[in-house]
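Undergrad: What Swiss-Prot records for this protein is below:
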BINDING   T15, G16, G17, N127, R163, S191, I244, A263, L264, T265, V266, S267, E268, Q288  UDP-N-acetyl-alpha-D-glucosamine binding site
Amino acid sequence: MSAQGKRLMVMAGGTGGHVFPGLAVAHHLMAQGWQVRWLGTADRMEADLVPKHGIEIDFIRISGLRGKGIKALIAAPLRIFNAWRQARAIMKAYKPDVVLGMGGYVSGPGGLAAWSLGIPVVLHEQNGIAGLTNKWLAKIATKVMQAFPGAFPNAEVVGNPVRTDVLALPLPQQRLAGREGPVRVLVVGGSQGARILNQTMPQVAAKLGDSVTIWHQSGKGSQQSVEQAYAEAGQPQHKVTEFIDDMAAAYAWADVVVCRSGALTVSEIAAAGLPALFVPFQHKDRQQYWNALPLEKAGAAKIIEQPQLSVDAVANTLAGWSRETLLTMAERARAASIPDATERVANEVSRAARA
């Protein structure tokens, strides 16, 4: 059956880890002739980002329940019901053939609305530990996929859809073989930065001296203070930027990455074929630890959990990796990646729409 005229509604919101993989799948299916709309919330990143990609977006009112107190919990059933009713009205008007839930609060009422209308629900879990919304929706979903093994016991492991410019990078052997001079260390704390990395890495630079050159993404509002920290450590030569717009270029430059281990970051690093030193964000589910673990087990990365993080721990780890070791780790990272994740997710969406 032709994809021409098929309609998809993507449900994803809140963070780049949910939105960017959804956009990758949306563009893949749009290139095949699908119509795509988005279900999101008006006060999160998808509200601005999705329309820039040429995709119309509908909004419902919903937010998270964690840490909101007893009053919010009492009001939650009514809020979820209202959001479900809004999503149901949107879907009755749009009539999607299938909905794709990529996570975020919006997927909960959106998935329930689709199910109540008899529309197939396809889920993708980006993290190594399933989010609360996807745990609930998995019971009614037509198909459940996961990026890393372990989030769901029987779900297919398909990887995370990542940006095409990252997938297009030369293989590690072509990129890294023959490199000389200081080891190029890319420090990434996510779009918000990571205070612990901003505090630690200037001191690491002082310990390692001329053996490294660092490109440090500080996050919003931190560039000046991080530059000052490098200068005070006697290392003013290192590059500090608030954001990195072209992550593919940054990955191509780097020999090794020091970063948090959000799901999309881990998947991009594997797809790029880069060794990594992961410092997982401390979360009660240890979500980022479980995201990073497959690459550590593959011999492509090392995890230092935040309570054990120190200047010496980072400096000694980086100093212990020769260029030969870094190339081996990079090749293992690339071998552990699933470069056709976007196509795999898109194929399951197509299959569910035909069922």
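The backbone N, Cα and C atoms fix where each Cβ goes, glycine too.
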Undergrad: Among the binding-site residues I244, L264, V266, whose Cβ has the fewest other Cβ atoms within 10 Å?
TA: I244
Undergrad: Specify the count of other C-beta atoms within 10 Å of the C-beta of T15 (UDP-N-acetyl-alpha-D-glucosamine binding site).
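TA: For T15 (UDP-N-acetyl-alpha-D-glucosamine binding site), the 10 Å Cβ neighbour count is 20.
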Undergrad: Let me know how many other Cβ atoms fall within 10 Å of the Cβ of R163 (UDP-N-acetyl-alpha-D-glucosamine binding site).
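TA: Within a 10 Å radius of the Cβ of R163 (UDP-N-acetyl-alpha-D-glucosamine binding site) lie 18 other Cβ atoms.
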Undergrad: Taking the Cβ of G17 (UDP-N-acetyl-alpha-D-glucosamine binding site) as centre, how many other Cβ atoms lie within 10 Å?
TA: 22
Undergrad: Using Cβ-Cβ distances, find the residues under 8 Å from E268 (UDP-N-acetyl-alpha-D-glucosamine binding site) that belong to the same chain and are at least 6 apart in sequence, listing them in sequence order.
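TA: Set apart from E268 (UDP-N-acetyl-alpha-D-glucosamine binding site) by at least 6 residues yet with Cβ under 8 Å, we have V162, R163, V166, M247, Y251.
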